[in-house]
Amino acid sequence: MARLILIDTATAAGSVSFAEEGRVVASFGHSQAEDHAAYIADYVYRGLSQLQLNGTAIDAIAVSAGPGSYTGLRVGLSTAKGLCYAWNCQLILLPTMEIMAAGYRQLHPEIHEPGFLVPVLKSRKNEVYAALYKTDGTTIEPARPVQLDEEDFSTWRNYLPMHVFGEGADRIINKLQPLSVKIALDTTYQLHASHMAELAERAFCSGQFADLAYAEPFYLKPTYVGK
Amino acid sequence: MNDAGKTNLHHANPVNKTITLLAIESSCDETSAAVIRDGKVLANLIANQKIHEQYGGVVPELASRAHMQNIVPVVDLALKQAGVEKNELQAIAFTQSPGLIGSLLVGASFAKALAVALNIPLIAVHHMKAHVLANCIDEPRPSFPFLCLTVSGGHTQIVLCKDYLDMEIIGQTIDDAAGEAFDKTAKLLGLPYPGGPLIDRYAQQGNPHRFHFPRPQVPGYDYSFSGLKTAILYFLREQSAEDASFIEKNLPDICASVQQTIIDILMQKLIKAAEDTGIREVCIAGGVSANKGLRKRLLEEAEKRGWHAYIPDFQYCTDNAGMIGFMAYHQYLAGAFTDLRVTPSARGDWKMAES
C-alpha cells in the first residue's frame, strides 16, 4: 500500500492532497490566484498533523510537473524535493495534462462512449497548452504549446466526440468553428491535486520515479533570452 | 487569508545544547548551502552558474532553472562535508530577500519543505544584513558598533552595525550599484562577463591617474554611479572615434583609472561616515570587496586614520550560505523564527524577520 502526498501548483490554484492506495484522505488548497509559496509547505504540515502522520509513513511525493506557470511549477517541485530529500522517499513527476484528463473523467462518470479529451491551459497571447487523449486515458498527442493563429484545426475534427476543458478551452473552441454537437466545452474544470491520486498510485506501483537531484518541471519551451 | 492557524515550528532549545543549522542561499546566480554549528561554519558550498556567461549577464529564468537542478546536490554535499546528519539539524535558514524572485522561490520552497519534514523551525534571513555580518564569522572580528561598506553587483550601502541584529543603513546608492559600474564598464571595454574581476586584474598593471572621470556630488552618505557610467561611455566613444584601437592600446590605464574613480567615490563617503560617527571599526563586504584595489585602499586609509579595518575571507565576500547561516545563528539565539507562510521578496524589507 502506498501513502503519497500529491502537490499541484501548475496554475493560479494550488493544492496538496494526501492519498492512500489511490484514495484521497485529506486535501488542502486555494482556488484563487494566491501565493503558492506561502501555502504549500503549510498544507503539508496541516495534512501530517490532521492524519497524525510523520515522514516515515510517506512512500513518495507526486508533483504535477507541467506544463503550467514556470514559477508555480518550481514552487511545487522545490517543495517536493525538500520533502523527498528529508524523508529519503521517492519523487514522482506526473504530466499536468494527464492529471487534468484523469480529473475530468472522475468528475464526469457519465461519459461512457469512446471519445477524446482535450485539456487546455492558458499560456500567453495566441498560445495555449493542449493535449489529446482517448477517454480511456491513452495518449494520442502529449501536451504541447498550440499556436492559435498557426495551427490547422481542421485535423482536430478526426477526433470526435471531443471534450475540450480547462482554462483557455474557449480559445481552442473558437478555432474549431463551425461547432458540432460532438464538441463539448467546459471552462469550469479546475485542476486539483486530488485528481493525481490514481495516476500517482499507478506510477508508484510500476516504479516510475524521477531522479531527485536533476528532476525539473516539464517546461516544454526553452528560455527566451532577449538581447 | 487571516493569521488564524499560522504555523510556527518553534521549539525550545535546551540550555547548553549545540546548535546546528542548515542555511540555503539562492538569491541570484549562485546556489549555496552551509552548515553552521554554534556560529562556526562547518561547510560552505557554492555552485556557480556558468550558463550566464554567454549572455553577458544573469538571465533570471535560466538562474531559476539552474537552482532547481543544483539545490539537492549542493545541500547534500554541504551536510556530507560537515559530517552532519539531517536529524542533527535544529533549524533551516534561507535567504528571504532581496534578490531575483524566481531564484529566491526555489531556495525558500526547498527550505520550508525541509523545516516541515524535519519538524524544526525556519529562519528567514535578509541577504544584505548577512553580508555585513560576514565580517564577524572569523577572527579578527570587529567590535560593535562598526561601519560596513557593502558593495556588490546590486547594492552599495554604508551600514552602521550596532549589534548582530541591530543594523541601520546610513547611506546607499540612489541609482546604480558600484558593482554594476564595474560590470558595465567591462562590457563597454568588450571584456567577457563577469567583467568586474577583469577590470581589477588589468588595473594592477595600469596608471590610475592617466584618465579623469567625474565624481558625483550627492548629499549625505549616499552614492550615485549612473553619471560615471555615462561619462565612461562618452569618453570611450570619443577616443575610439579618433583612434579605433584606443581601448586595445590603453586597456590597463583605462581599467586602473575607472577603478580608482569608483574606489575614490566609495571611500569618500565611508571616510565621512567614520569621521561623523567617530567609529574606527570599519569593514567592507559584498562581491566587490574581493576587489584588490578596494582592499588595498581600505587598508591604506585605516593606516592613515587609525581605523581597525576588516575584510571577510574571500568565500564570504560573494554570495554564500555561510553568511546566511551565521546571521541565522544569531536570529536563533534571539528566538527570531519565522512562520511557515513566509514568502520571499525581491526588494526586501530592512526591518524584517529578526526584529
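Positions of Cβ are set from backbone N, Cα and C atoms, glycine also.
The annotation in TrEMBL ties B:H127, B:H131 to Fe cation, and of the candidates under consideration, B:D313, B:D319, B:D339, the one tied to the same site is B:D319. Of the listed candidates (B:D138, B:D166, B:D183), TrEMBL assigns B:D183 to the same substrate site as B:T150, B:V151, B:S152, B:G153, B:G154, B:G196, B:D200, B:N291. A straight line from the CA of B:S152 (substrate binding site) to the CA of B:H131 (Fe cation binding site) spans 10 Å. In terms of Cα spacing, the binding-site residues B:T150, B:G154, B:G196, B:N291 that come within 10 Å of B:H131 (Fe cation binding site) are B:T150. Taking each of the binding-site residues B:H127, B:H131 in turn and counting other Cβ atoms within 10 Å of its Cβ gives the largest count for B:H131. When each of the binding-site residues B:G154, B:G196 is scored by how many other Cβ atoms sit within 10 Å of its Cβ, B:G154 comes out lowest. Across the residues annotated as binding substrate (B:T150, B:V151, B:S152, B:G153, B:G154, B:D183, B:G196, B:D200, B:N291), the two Cα atoms farthest apart lie 18 Å from each other.
Restricting the average to the domain 'Gcp-like' (B:40-325) gives a pLDDT of 95.
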